[in-house]
Every structure is written in structure tokens, then in C-alpha cells.
């Protein structure tokens, strides 16, 4: 009821409010929800190693002093064939596009630990960027802690940006490239190409830029299309044919390298986002952390655990039904949910030998719900075969 009241009432407004709507897009399992949770400081979006954990467009809200960041955590960009295979709703295909329409800035997240996909942006991501070329975009390389050969980050950056960041050409110095001991360097030191508006004397980004470039091995040696002089018109709209042989996007304003799961360099990105906010009214009350209802958060967290502990495609066929949601005598939250599965064999898998699997899911989901709602939670799960 409290959450509903906060979402329905008009938000409080500081004297000079600023706001920034951020769409986070990327391939399934790039770490979008993990990054969103780290930026928010609390777990409100589901996370698992399986693809398509995020099933709908959800908003996270960060309110800092006079600035509000609205994070649009979107499902991974996928195609109709894969959507059908994973039993996904139509919304899974349209939500990322809807998020882009309302965004002031887009973060493109790439998992650098996946050597199959890390050197090119997926066709779905490129299509999304080319449909909305007027929206400023930032490249975020995630899971850099898993990458043993840190010098590969330079190749990845060159490929994903086509050698251009913020309208400036980048040059990779071979000395740095061959030096494998560079793995000790902070990932973010590899590049900082600040957009023109953040090059203000005394601004944190402006000060970091020169330090970062010194140890980076990336040179910005020429302007492209008059960027930095105010003449650069930005990217043009491209059709599907234009994207056939394209691997990267040469219109990123900035590059960040981080490890979202460990929270490394997430604060640097957060500071940058706060600096990009523009004057405008807040959309949410300052006490709101997410646009989701508590029941939606609960469903998502339980589904996350089901995805984590069931093999292959099995969890995608599980339907959740909320049976009980009420407050106990001592203020604790009492929740009972039925998990409906299509086959008897799936029921046995979900319960596990001696009830081990379902007990573990209930225990871990209950703990996450306590952390999300900041109160005691008693969670019971039942498993049944669908009608």
C-alpha cells in the first residue's frame, strides 16, 4: 500500500530538479540487471546465469540530492525465433524498443568474458542504435575481472567503436598491446573520451581524462566530422542493409569498463550519469526505488532461483501463482506461492531428492526478499503439475 501510494501521488520536487532516463540494452545475460542493482544499491531486479531472466521492462530510481536517474532495465535484445524457443512473451521483443523511445541516454552493455560475441555488437543492438541515432550512447564493457589478458580490451574497444569515440579517432599503441603485465592496470584507465559538455574545468570527468589517457595506450589523434568543434551532426539513420557487415558503432560518447557483479568501477559510471542529467521535473517520489510492485519483485526473485537450479529449458515452462500475501502479527510478510509445471518429471526435478531443491529455492529467495523489503519474510512454495 505504501509503494502504491508513493507511485500514485505526485512526486516531491527540489528547487532545481534534474533528471536522466537511461536505457540499458545488450545481448541476453550481458549483466544488465546486475549493473542496475549495483547502481541502485539494492537488489530489485532478478539475476541468473540463464538468459532471459528479465521478462519485462522495469524501472529503477536513483535519487541523489537534486538529481533523479531513472534506469530502464530491459529484457535482453532477442529475435522471434529465440523468443519462441524460450516461451517468451511478445513484450520481450518490443520492450527494449519502447525503452529506447523514452531514453535520454543509452548504455550498451557487452560481456567481455564471452569470446564468441565480445568483438562485435549483436545485430539486434546495432539495429536498436541505428533506429535511434539521436540518443547519446555509452559503451560499457562488463565482466572485465574475468578477462585474464587485459590487453585484449584494447582490441575489443577498437572493434566495438570502429576506432572512433566521441568523434575522435583512437589509436592503439602496440607497446601496450604486447605488454601482458598491463593486466594489473585499472580497467577504466584504458580509455576516457569525455563528451564535450563534460569537459568543464574542475569537472571530475575532465580531470580524469588526461590521467586516463596517459596510461591508456589509446590516442585520440584527429577529429572526425568536426566533433568537438560543435559541427559534428551525429549518426545518421541506417537501414537493415547498411548493418550487414557492421561490427561496431562509431558514435559512442564514452567507454566504461567495470565488473558489475563485484561493484568495481560502478561508482565511476554512476557519477558520470549524475553529471549528464538535464533540468526537468522528477517523475518519482524520492522514496521510490523501483516502479515494480512488491508482488512483482517477489515473483522475479523466485523465478530467478528456479532458473538457477533447474536444467536447460525446464524452468521456462514454470508458471507462478500467488496464493497468500499478508502481514503477520509481528509485521513479518507471509507469502505462499504455487509453482505449476507441465510434467510430472519436471515436478520431481523442482522438488529434488528429499525436497532439497525446492527448500534451497525457498531459503535463498526468502533471504533476498528480506534484503529487498527490509523486514522478516516467511516464504512457502508448493509444486504442482498444471491442470
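Note: Cβ is positioned from N, Cα and C throughout, glycine not excepted.
In TrEMBL, the region 'G4' annotation falls on 142-145 of the listed ranges 138-141, 142-145, 146-149, 150-153.
As annotated in TrEMBL, region 'G2' covers the listed stretch 52-56 rather than the other ranges in 42-46, 47-51, 52-56.
Assigned with DSSP, the residues of the region 'G1' (26-33) fall into helix, strand and coil as follows: 2 helix, 1 strand, 5 coil. Across the region 'G1' (26-33), the model assigns an average pLDDT of 84. For the region 'G4' (142-145), the DSSP-based tally of helix, strand and coil residues reads 0 helix, 1 strand, 3 coil.
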